[in-house]
C-alpha cells in the first residue's frame, strides 16, 4: 500500500482530515508526512485571517457598528493616561485592532510556550502543533471574543506600549529577512553567472540594483518636496537627512575590500534593497506627523478634504499602511 501512496492522495487525506469530524482530529489519523509544512501554512493562514479582521475593523462603516458593543467606550476619557475630550467614535476601530492584536499575540504565545524544546514531529507534543486545527480555530475565536470584553481602563494605554516595542522588533526582523532575501538573490545570480552567460546575469544584477537606487533617490526627493517646507518642518528634514546619510554609509561599507573578503557575495544589491526599505520606513514615520503643514497625508485622510475640517481623521486608504501590509505579507511568505 505504501508503495502506491502518491503525494496527491496524501494531500487529499491531509485536507479531508483537517475539514473532517472531531474524532478524526482527536485520534490523530492524519498522515505524519509533511505535517510540519501543512502546519506552517495553516498558522500563516491564521495570521493573515487576524490581519484581515483588523483591516475590516478600521473600515468606517464597521467602526460605527462597534458602538453597539456593551462597555466598549467606557473609560475612553483618557488616551495613554492623558485626559482628553476626544470622542470615542474617532478611534473605535483602533481600539478593536488593539484587542485583535492582543488575541493573536496570546494565541501564538500559547503555542510557543507549549512547543518549548520540541525539536521534531516525533515528539509527543508535536501533535498539538500539527493537529487539532478545528479546536485551534475555536481557541482563537474564543480568545478574540474575550478580548473584546476586556474593560477599557488602562488596557489601551498598556497595550499601546506593547505595540511600540513589538513594532520596533518587527522592523528589525523585517530588516534581517530583507538582507537574507537580497543575499540569497545575489548569491543565486552570481552562481548562475559563473556557470552560464556571465554578462547577462551581471547585467541583470546591475539593472535591479540601479532600479532600487533610482526608486530610493526619487522617493527621497518626493519626501523633501511634500513633507518639508523651506521654513519649519525641522523634524522631517532631520529624519530624511539622517537616514539618507546612513544609507550612503551602508552602500559604501558593502563594497569595502574587508567586507568583500569576509562575505564574497555581499554587495550593492543588499545595500540598495535596505536603502529602499529605510526610505519607506521614513515615509511611514513622516506620514504620522500630526502637523498638517508638514504632513499632506493628513489632508488626504480627511473625509472632507479641508485642512480646517472638524471631522475625525481616518486611516483606511493611506498609502504607507498599504505598502507596509504588502511588505508584511511578502516577509511572512518568505519565512
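One-based numbering along the chain as shown.
Positions of Cβ are set from backbone N, Cα and C atoms, glycine also.
The feature transmembrane segment is assigned by TrEMBL to 41-62 (among others). Long-range contacts of the transmembrane segment (41-62) within its own chain (CB-CB distance under 8 A, at least 6 residues past either end) are made by residues 18, 93-94, 96-97, 100-101, 103-104, 107-108, 133, 136-137, 140, 144, 303, 314-316, 325, 328-329, 332-333.
What TrEMBL records for 96-118 (among others) is transmembrane segment.
Look at TrEMBL and you will find 130-150 (among others) tagged as transmembrane segment.
Residues annotated as transmembrane segment in TrEMBL: 156-179 (among others).
Here the transmembrane segment (200-226) has Cβ contacts under 8 Å with residues 186, 189-190, 192-193, 236-237, 240, 244, 247, 267-269, 272-273, 275-276, 279-280, 282-283, 286, 296 of the same chain, all six or more residues outside its ends. Feature annotation from TrEMBL assigns transmembrane segment to 200-226 (among others).
Taken from TrEMBL, the feature transmembrane segment covers 238-256 (among others).
Sequence annotations record features per position, and here TrEMBL assigns transmembrane segment to 268-286 (among others). Within its own chain, the transmembrane segment (268-286) has Cβ neighbours under 8 Å at 171, 174-175, 178-179, 181-183, 185-186, 205, 208-209, 212-213, 215-216, 219-220, 223, 227, 236, 239-240, 243, 246-247, 250-251, 253-255, 294-295, 320-321, 323-324, 327, counting only residues six or more beyond its boundaries.
Residues or ranges marked as transmembrane segment by TrEMBL: 316-334 (among others).
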Tertiary contacts of the transmembrane segment (316-334) (same chain, 6+ residues out, Cβ under 8 Å): 44, 47-48, 51, 55, 58-60, 173-174, 177-178, 180-181, 277, 280, 283-284, 287, 297, 300-301
Intrachain neighbours beyond the transmembrane segment (96-118), with Cβ under 8 angstroms and 6 or more residues off its ends: 43, 46-47, 50, 53-54, 57-58, 63, 66, 125-126, 128-129, 139-140, 143-144, 146-148, 150, 155-156, 159-160, 162-163, 166
